[in-house]
Amino acid sequence: MRSHRAVWERVARRGACLKLNDWLTLFSTVAVSGKADLEIESIASDSRKVRPGGLFVAVAGSKQDGRRFISEAIERGATVVVAEGPANALDATSRKEDRPITYIQVSDARQALAHLSSYFYGNPTDGLHLIGVTGTNGKTTTTFLIQALLRTAGFKTGLIGTIRFDLGNAVRPATHTTPGAMELQALFAEMRGAGATHAVMEVSSHALDQRRVEGCWFDTAIFTNLTRDHLDYHGTIEAYFAAKRKLFDQTGMTLVNLDDPWGRRIREEIPGRCWGYGISERGQFYPKSMEIGPGGIRMTVASPMGEMEIRSPLVGRYNVYNLLAAIGAGAALELSKESIIAGVAAMAGVPGRFEKIDAGQPFLVIVDYAHTEDALDRLLQAVSDIHPRRIITVFGCGGDRDRGKRPKMGAVSARHSDVTVLTSDNPRGEPPMAIIQEIEAGLRSADSSAEYQVIPDRREAIERAVRLAAEGDAVVIAGKGHEDYQIIGNERLPFDDREVARTALTARVGRK
């Protein structure tokens, strides 16, 4: 992409619109047929959302090829089509003399959509300090921590991630961990309009593979870890890593977890602009001493800024890594030690991440988003560190997703739990019992004497776990965390683990 600052500045002044000729001077195309002196006021990659006079980008998705919907987009009023392949993709309908269509052939429609989106909204990330966090686990907590540091330092900071989109003056429920290119750039533009100077975002492997963040420059990017997940999409762990690795080709400063072999690999590839953090492997940020207990984490952290005495209400060894990543980001962004220390202390927790549900019962109930083998292992280890009398774990696995992790998660629960209640997560299009049986196989192979129950109905499973619990126990409800829905078949039904647990606890406590 060629740099033409004057054009970008003009677009920034004009707001959400696009002069096609200007964009064509910035983006490499294969061929252009038709009129190019056009002003575009809407862009869509979904033919159903095309507006009269708009531009349609035909993107090949995992289930549908957008080129099949070019005719529909034109019927809805599109005057410009951007697609891969030659102009003969336009059918006879679009070639009528009273319907002149401009066809722009590109080598990569996803890349074109990302750059069009950024251009359309005036390249909003030019005016933001952008921090990206990628990895299998820890993204959400790390982004919340970084936002807390920045806000403590006095910076208006937006956030985009799994739980919510915080735009400065408004907060919206998240649609995806990382939204599509058009929505993403619109969110950045809204942040800038609200006066935000910084933005922190989770960057998923899907988003990187699908080039949703193409055209964004990250001041700082963080790699948390890589363990098995999303192999239904990526196919292999190497392909999964390759998707994550793309983020670090569009960043100024990189921070990686050196206790993770994939993090060490990134550092080897970009040593000159990379800081490391870890517990075992000492990089620029590591704990010289630490205490992890039920009340939180206390540690002395070594850093290029000098030692910092850190106090955090977060619990669990895995949160030490999240804290180190956030502290490293704060240092990379040149925040003061005082802001970093105060910001860490102020971040009390994340919805659905080791969230305690308390109705006055004499045992712990914890709801957490852990839905991978590694995340469940870390979660249950953190619970073990609190030394409960027994651990009762409720979980399932998502349908139409990576089947290989199911027995592995069963084995993890068998190792750490005194009782496991196997249930449904989001079964989607799969029979719930088929999913449960694959988890059960791993549980039984890890410990043939493991105590477990099978209750496919998630509400009943949570209620059963609450009834089983005695004083001093810990009930762990894993997999869905902050989610307020359950997907069964094609239906998205209201369901919140926290509310179900709270209702079950209230009923139990009320009976006493």
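Just so it is clear, glycine is given a Cβ too, placed from its N, Cα and C backbone atoms.
From the candidate list R390, R401, R508, the residue TrEMBL records in the meso-2,6-diaminopimelate site shared with D425, N426, P427, R428, G479, E483 is R401. Cβ proximity to the meso-2,6-diaminopimelate site centre (mean Cβ of R401, D425, N426, P427, R428, G479, E483, cutoff 8 Å) flags the following additional same-chain residues: H371, G396, C397, G398, G399, S424, K480, Q486, I487. Reported as a whole number, the C-alpha separation between K139 (ATP binding site) and R401 (meso-2,6-diaminopimelate binding site) equals 20 Å. The recorded positions considered are K139, K244, R401, R428; of these, R428 has the fewest other C-beta atoms within 10 angstroms of its C-beta. Compute the center of the Cβ atoms of G135, T136, N137, G138, K139, T140, T141, which mark the site for ATP; besides them, the chain residues with Cβ within 8 Å of that center are V133, T142, E202, T224, N225, N322.
Reduced to three states, the DSSP call for K139 (ATP binding site) is helix. Our reading of the meso-2,6-diaminopimelate binding annotation (R401, D425, N426, P427, R428, G479, E483) yields a largest Cα to Cα distance of 17 angstrom.
Cα to Cα, T140 (ATP binding site) and E483 (meso-2,6-diaminopimelate binding site) are separated by 13 Å.
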